[in-house]
């Protein structure tokens with residue numbers, strides 16, 4: 001990894017140091033995704049069969065996972081893995097349940113009551129990618145809050161394997177969260193099916209979950225068309241670590257590598273006021289890389305990542321807030337004392353013994369988080385992501401008499417005569 005001294009960088013160099021790997025969607029990708037979506041929208045299941053055969057190398061007559069397949073998956077998953085997933089579900093449930101939104105009502109004036117009502121989104125679609133490895137943890141992170149929200153229809157799509165089956169761990173994870181409708185579909189075609197619906201796959205109001213560039217582009221296109229809402233902008237995984245001289249270099253290096261191994265386009269950053277620590281982390285990266293099965297991928301990610309020397313920890317937090325990382329690790333002696341300085345991050349990990357991997361799997365927080373700087377305005381997935389909120393107001397005759405004049409003055413100021421008339425008629429006065 002390249003080592004930089006922040007104090008020696010000019011404005012342009014500082015911007016370059018915090019620039020993420022270029023994420024450009026080629027016109028070819030956009031057009032290919034648009035064609036897939038149009039095909040699925042027009043021909044439904046027939047298109048899904050052809051596309052699945054072409055990209056996944058398997059011919060499927062039926063996309064829905066059967067009860068027998070769920071049972072076979074249950075038998076195939078090792079007991080310790082099932083128990084680990086069950087434990088993770090319990091903690092995810094505990095954390096998300098505590099943060100659930102509730103409606104409220106308030107009398108804003110005598111005879112005028114305003115309310116906020118919370119309702120579950122009716123139909124939601126969850127996407128669990130497979131790629132180079134299945135991700136049952138993503139099924140847990142999406143399935144639990146969907147269940148807590150009370151969504152009446154939850155659909156999950158995940159790519160089939162060459163033999164036409166789905167990874168057993170993903171199926172068990174879905175089952176543990178209460179998801180019973182799982183379809184063997186991957187890629188942009190899965191997103192199109194959940195957005196527009198086919199003979200087999202029901203259309204959904206909102207789509208959730210990560211994926212490759214085709215999945216991400218498909219989510220953007222269906223959202224722009226108004227077919228379905230999506231959870232958040234998606235991008236490659238990233239972590240930023242702020243560490244002081246007392247941090248464990250081996251721990252910091254391990255945390256950087258745990259994100260770097262996600263993909264060649266991932267980015268990891270270390271900000272520290274200690275030259276000694278930065279050098280030690282650099283050495284640890286090489287030591288630990290030698291033992292990683294995905295070392296080649298991690299090295300590609302490290303090539304576009306940085307170890308940055310700062311003058312003070314205050315400066316480190318200013319840089320971090322500018323970057324707005326998906327994951328922020330505070331490898332500091334008094335991490336909670338510094339938490340107030342965090343303004344933008346998807347999820348924060350405090351201290352030497354809170355690796356980002358805990359949040360990925362089983363601490364209880366959600367690992368579906370905003371990336372690419374979106375943490376400045378977006379939050380990670382929660383129960384609220386699966387809910388709608390709408391307002392209600394009720395005014396009595398005395399209530400409108402009390403506040404109607406306010407409405408009349410504002411309506412006249414805006415030149416909206418019909419607005420004024422709607423109030424004046426009820427008050428028995430001239431508009």
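Placement of Cβ uses the backbone N, Cα and C atoms for every residue, glycine included.
What you see is a predicted model, and the numbers here were worked out from it, not measured in a lab.
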If Swiss-Prot gives 237, 259, 262, 327, 414, 419 as binding substrate, which of 163, 167, 205, 360 does it give for that site as well?
360
Between residue 360 (substrate binding site) and residue 127 (NAD(+) binding site): CA-CA distance (Å):
17
For residue 414 (substrate binding site), identify the closest of the recorded positions 189, 212, 326, judging by Cα separation.
326
If H, G and I count as helix, E and B as strand, and all else as coil, what does DSSP give for residue 419 (substrate binding site)?
helix
Do any residues at least six apart in sequence from residue 212 (NAD(+) binding site), in the same chain, have a Cβ closer than 8 Å to its Cβ, and if so which, in order?
129, 131, 187
Among 237, 259 [binding-site residues], residue with fewest other Cβ within 10 Å:
237
Give me the Cα-Cα distance between residue 326 (active site, proton acceptor) and residue 237 (substrate binding site), rounded to a whole Å.
7
